[in-house]
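> Can you keep this structure in mind? I'll have questions shortly.
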Amino acid sequence: MVGSIPVFLSSNKLPKNKEGSASSSPQQSDKISGEKRHDNSDFLYKKDEFPLLTRFRKNDKPVHGMKHPHYEAAKNSTTSLDSPNKSCFHEVQSTTFDICLSDRSINCSYVVRREANLAARNYEFWRSEWDQRLEGSCGRVLRPGMVILKHYLTFDEQVNIVKRCRNLGIGPGGFYQPGYKDGAKLRLRMMCLGLDWDPQTRKYADRRPIDGSRPPCIPREFSQLVERSIRDAHSQIKKESGVNRNAEEVLPSMSPNICIVNFYTTSGRLGLHQDRDESRESIKKGLPVVSISVGDSAEFLYGDQRDVDKAEKVILDSGDVLIFGGQSRQIFHGVASIIPNSAPKELSKQVGLRPGRLNLTFRKY
């Protein structure tokens, strides 16, 4: 099979820094060009924040045989404590943020350059490689109620997701960059579909407070993809359990009415936190969160405690789907880093997706 096999790192102990604790938390901000910079901690309140990983062990090896230049950048980061009185606000961008590069057409269509024969041969070779990689698509139960579906999305599905998110993102209720009153900005762009989630109040509403716009509806094909992935996760649960058990008891089905779309640059990361802003009924039933990754890969942490030293790690590649519900609905989870230059090259060529990670998380309120 051409292409890399997913790497699962279980019980990966992530080291502390010289001061005895992991550095660069969502409570902290990095100094960049004389300005404070806040981690994209998913806008958690202070009580939910936890230090983020900025150093890795010397023996840690790059996944998929790639170099990790972001390791060195992380080592050199400097941090300072936030003021306890600092409050979060949302800044509407004066210019629309486009997740695709500016030289692409409005519908992200692929413009074939007429240098043609060599480019066409390279393209066909790449698509053949991609198809063989898809043959190795596999699922794995990481823990009760938590399933990863590796290389689950086809290339065309990923292209469609980028196109739809791009077109929605440049319209009303589209991508914006939250920030702080001191002028610092979080290193992500966010857009909500279905219902708006306000990072400051941690509540859902029909309109977002920054400009009164209604969030776009969740595209039907997105909802169908979520429902299909949950069914396939059920099949994986039955397969690994070895018995014909009711997978619904382990991982309930869910039809989403919320989607939070985040775009992270290659410097983006996410502190350990729980997703618990949905209704009590939804959380009590263990209705799952379904996370779809497109673009650059991410080092994803998860565990029962808000402790990076005890967290397990898995690599989320472009096209992967991660589902956690049931007993795992309230796990702590976060992103240690985004792996630069790890996105499929043809994805960037065809839709012009910027370097970084496009992440869609679906849930039901």
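Including glycine, each Cβ sits where the backbone N, Cα and C put it.
As annotated by TrEMBL, Fe cation binding site applies to His273, Asp275, His333. TrEMBL lists 9-31 with the feature compositional bias 'Polar residues'. The compositional bias 'Basic and acidic residues' annotation in TrEMBL covers 32-42. Under the heading domain 'Fe2OG dioxygenase', TrEMBL lists 255-365.
Explain the structural surroundings of these features, please.
For His333 (Fe cation binding site), other Cβ atoms within 10 Å of its Cβ number 24.
The residues of the domain 'Fe2OG dioxygenase' (255-365), classed with DSSP into helix (H, G, I), strand (E, B) and coil, number 16 helix, 50 strand, 45 coil.
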> CB neighbours of Asp275 (Fe cation binding site) within 10 A?
18
